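Colleague: I have a structure here, written as structure tokens, and I will follow up with some questions on it.
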């Protein structure tokens, strides 16, 4: 009686075992026994191709230079100051502890003096109203905070203890006059701007040198807050602070503009 021609021989040279239920490799289409069915066990030539492809793909992404950060981006995000590459989370100077970060104490001192001069230049009833408004802003913020907590948009994953709430007045000409939002108190001003722009679906060209930049401005003085400062820094200030539950302005300014004009018009 003739032997039935069933099964096939394993294609591994030193094996050649006949298997009645042979395995076909999905990559090289070779036929193998149970022992040699994996790509590694039969030395599949496609393994080398895949490994080379993975190595090539690694070169098309950009690693973050910040210590202990393993994030990679598909496009280069280069800090214009230290000229190193970072992920989106660490792209601002304060977030990656930039070696070129300068503490703008002289400029801030000059700015505070300018704010004081502007206020002092106001006389009579106008100046009186300004000071009265500043005095009552903390109380007003506490009253508004409860309402903001019910309606504000933000990152829902943030712990309640880290949230800070603002009624954000949007740039002139926007579809909405203002929008309630919450942020992490440890975020830099620059990061808060990016987040607010995303929530309000605003054009954000802050990474372009020639375009007008989105800036967060103080509701009382109109001062554009420095991008590298943190929100908690301004909450803790003794002179002209921000208040949790208070108002803040988001507006487009030129690079040379350090103040938002006509802040009263945003509240009308």
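Each residue, glycine too, has its Cβ placed from N, Cα and C.
The N-acetylalanine annotation in Swiss-Prot covers 2, and the record cites experimental evidence as its basis. The feature zinc finger is assigned by Swiss-Prot to 4-52, 58-106. Residues annotated as Zn(2+) 1 binding site in Swiss-Prot, with sequence analysis given as evidence: 10, 15, 33, 36. Per Swiss-Prot, the feature Zn(2+) 2 binding site maps to 25, 28, 42, 44; the stated evidence is sequence analysis. Taken from Swiss-Prot, the feature Zn(2+) 4 binding site applies to 79, 82, 96, 98, supported by sequence analysis.
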Colleague: Please name the residue among the binding-site residues 15, 44 whose C-beta has the most neighbouring C-beta atoms within 10 angstroms.
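Modeller: Output for this query is 44.
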Colleague: Starting from the Cβ centroid of 79, 82, 96, 98, which together make up the recorded Zn(2+) 4 site, report each further residue of the same chain whose Cβ lies within 8 Å of that point, ordered by sequence.
Modeller: 65, 81, 84, 86, 93, 97, 99, 100, 101
Colleague: Looking only at the zinc finger (4-52), report the model's average pLDDT.
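Modeller: Mean per-residue confidence for the zinc finger (4-52): 80 out of 100.
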Colleague: Show which residues of the chain containing residue 25 (Zn(2+) 2 binding site), separated from it by at least 6 in sequence, have their CB under 8 Å from its CB.
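Modeller: Those within reach of residue 25 (Zn(2+) 2 binding site), by Cβ under 8 Å and sequence separation of 6 or more, are 31, 32, 37, 39, 42, 44.
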Colleague: Can you give me the Cα-Cα distance between residue 96 (Zn(2+) 4 binding site) and residue 10 (Zn(2+) 1 binding site) in Å, rounded to a whole number?
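Modeller: Rounded to a whole number, the Cα-Cα distance is 56 Å.
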Colleague: Using C-alpha atoms, which one of the binding-site residues 10, 15, 28, 33, 36 comes nearest to residue 98 (Zn(2+) 4 binding site)?
Modeller: 28
Colleague: Which site among 10, 82, 98 has the most other CB atoms no more than 10 Å from its CB, taking these as binding-site residues?
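Modeller: Of the binding-site residues 10, 82, 98, the most buried by Cβ count within 10 Å is 10.
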Colleague: Across all protein chains in the structure, which of the binding-site residues 28, 33, 79 has the highest Cβ count within 10 Å?
Modeller: 33
Colleague: Whole-number Å only: compute the distance from the Cα of residue 33 (Zn(2+) 1 binding site) to the Cα of residue 79 (Zn(2+) 4 binding site).
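Modeller: The separation of the Cα atoms works out to 55 Å.
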Colleague: An 8 Å radius from the center of the 10, 15, 33, 36 Cβ atoms defines the neighbourhood of the Zn(2+) 1 site; name the other residues of that chain inside it, in order.
Modeller: 9, 11, 12, 16, 17, 19, 32, 34, 35, 42
Colleague: What's the CA-CA gap between residue 15 (Zn(2+) 1 binding site) and residue 79 (Zn(2+) 4 binding site) in angstrom, rounded?
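Modeller: Their Cα atoms are separated by 58 Å.
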Colleague: Please identify, among the binding-site residues 10, 28, 36, the one with the smallest Cα-Cα distance to residue 79 (Zn(2+) 4 binding site).
Modeller: 28
Colleague: Can you tell me how far the Cα of residue 10 (Zn(2+) 1 binding site) sits from the Cα of residue 28 (Zn(2+) 2 binding site), in Å?
Modeller: 14
